[in-house]
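> Once you've had a glance at the structure underneath, I'll fire off some questions.
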Amino acid sequence: MSPLDLLLEPLQYDFMVRALTTTVIAAVVCALLSCWLVLVGWSLMGDAVSHAVLPGVVIAYVLGAPFALGALVFGFLAVALIGAIRGTSRVKEDAAIGIVFTTLFALGLVLISVTPSQTDLNHIIFGNILGVSTADLVQIAVLATIAFAVLVLKRRDLTLYAFDPMHAHAIGLSPRFLGALLLGLLALTAVVALQVVGVILVVAMLIIPGATAYLLTDRFGHMLVIAPVMSAVCSVVGIYLSYWLDAASGGLVVVVQGAAFSLVYVFAPRHGLLGKHLTARRRTVTA
C-alpha cells in the first residue's frame, strides 16, 4: 500500500472525517488557550476544571440533556467555588483547587456507579472521538468558535494580565474580570475537548501545546501560532495512528503531543537540553 493510500483510505469513512474535523477544532482552541494557561501558571486549574465537569455530564445524561450543558454548568461552578474558597478563607489557591477538583470528580464517580447504563458515560471519561455524530460536531464547533473569538478579541488584555496584572490595573483594566474571563474560557474549552480525549486527558490538550511552544520561542505572538499548528498536526497524526493500530484515539492524540514535547524539550534551539548545552560550551570556549 502506497503512502497516499495510507492517507486517503481513512477518509473514505464519514466517522473518520468527523473525527479528524472535531479533533482539529478542539486541538486549535485548546492550544490557543494553553498559551495563557502556561504563562499564568494555571496548569493545575486546567486539571481541576476538566475533572470537575464529570458530575454535570452524568446529571445531564440522567436527565436526557446535552452533555455540554451539564459540563458547562459544573465547569463554571468549579471556577466559582475555587474563587469563593480562595477569597473568603485562609486556604491557598492550590489547596482550594485540590478540594474542589477531588470532591466534584468523586461525586461524578459516585453518580456513575449508581447510573444504570454506563456506556456513554465511560466514553465521556475516556473519550470517544470516533463515535462523534454530526450534531456533536456542530455543537463542538459552535462552542470552540465562541472561545476562539473571545481569545482573539481579548488577546491583548489577557496577555497583559498574564505578564503584569499590576500594570493592567494601572491602565484601567480589571485583573479580577480578566482572571474570571480566562477561567470561564477554560471551562468552555474543557467542554470542547471532552468528546476528543475524555475527562481524564483534557488537561493534556490544555497544557502540552502551550508548554511546547514556550520552549520554541521567546515571543508570545509566535506562541499563539506555533501551539495551535503543532497541536492540530499532532492530533491528525494521533487519529491516523488510532485507525491503523486499532487503538484508543484520545490516548494516541495525547501520546503524540507528549512525544512532540519530548523532542522539543531535547532539541529546541535555545531552550532545549542540547541547545542549552551547546550554548554553555560556546561560552566556555570563548571565555
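Note: Cβ is positioned from N, Cα and C throughout, glycine not excepted.
Note that the structure is a prediction, hence the values are computed from the model and not measured.
Sharing the feature lines straight out of TrEMBL:
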- 20-45: transmembrane segment (TRANSMEM)
- 57-83: transmembrane segment (TRANSMEM)
- 95-114: transmembrane segment (TRANSMEM)
- 126-153: transmembrane segment (TRANSMEM)
- 173-193: transmembrane segment (TRANSMEM)
- 199-216: transmembrane segment (TRANSMEM)
- 223-241: transmembrane segment (TRANSMEM)
- 247-268: transmembrane segment (TRANSMEM)
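Structural setting of the listed features?
Here the transmembrane segment (20-45) has long-range neighbours at 10-11, 82, 94, 97-98, 129, 132, 136-137, 140-141, 144, 147-148, 151, 158-159, 161-163, 182-183, 185-186, 189, 192-193, 195-196, 203, 205-211, 213-214, 220, 223-224, 227-228, 230-232, 234-236, 238-239, 249, 253, meaning same-chain residues at least 6 beyond its ends whose C-beta is under 8 angstroms from one of its own.
Remote same-chain residues near the transmembrane segment (57-83) are listed as 45, 48-49, 93, 96-97, 100-101, 104, 108, 111-112, 115, 120-121, 124, 139, 143, 180, 183-184, 186-188, 190-191, 194, 199 (criterion: CB distance under 8 Å, separation of at least six residues from the stretch ends).
Long-range contacts of the transmembrane segment (126-153) within the same chain: residues 15-16, 18-19, 21-23, 25-26, 28-29, 32-33, 36, 66, 68, 181, 185, 188-189, 191-192, 194-198, 200-201, 239, 242, 248-251, 253, each at least 6 residues beyond the stretch ends and with a Cβ under 8 Å from a Cβ of the stretch.
Using a Cβ-Cβ cut-off under 8 Å and counting only residues 6 or more beyond its ends in the same chain, the transmembrane segment (173-193) has close neighbours at 25-26, 29-30, 33, 36-37, 40, 42, 45-46, 49-50, 53, 68, 71-72, 75-76, 78-79, 83, 140, 143-144, 146-147, 150-151, 154, 157-158, 160-161, 165, 202, 205-206.
Beyond the transmembrane segment (247-268), the same-chain residues lying 6 or more positions past its ends with a Cβ under 8 Å from any Cβ of the stretch are 19, 23, 27, 126-130, 196-198, 201, 204-205, 208-209, 211-212, 215-216, 230-231, 234-235, 237-239, 241, 274-275.
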> Under an 8 Å Cβ to Cβ limit, what residues of the same chain, 6 or more beyond the ends of the transmembrane segment (199-216), are close to it?
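Sequence-remote neighbours of the transmembrane segment (199-216) are 26-27, 30-31, 33-39, 43, 46-47, 50-51, 53-54, 57, 108, 124-127, 186, 189-190, 193, 222-223, 226-228, 230-231, 250-251, 253-254, 257-258, 260-261, 264-265, 268-269, 271-272.
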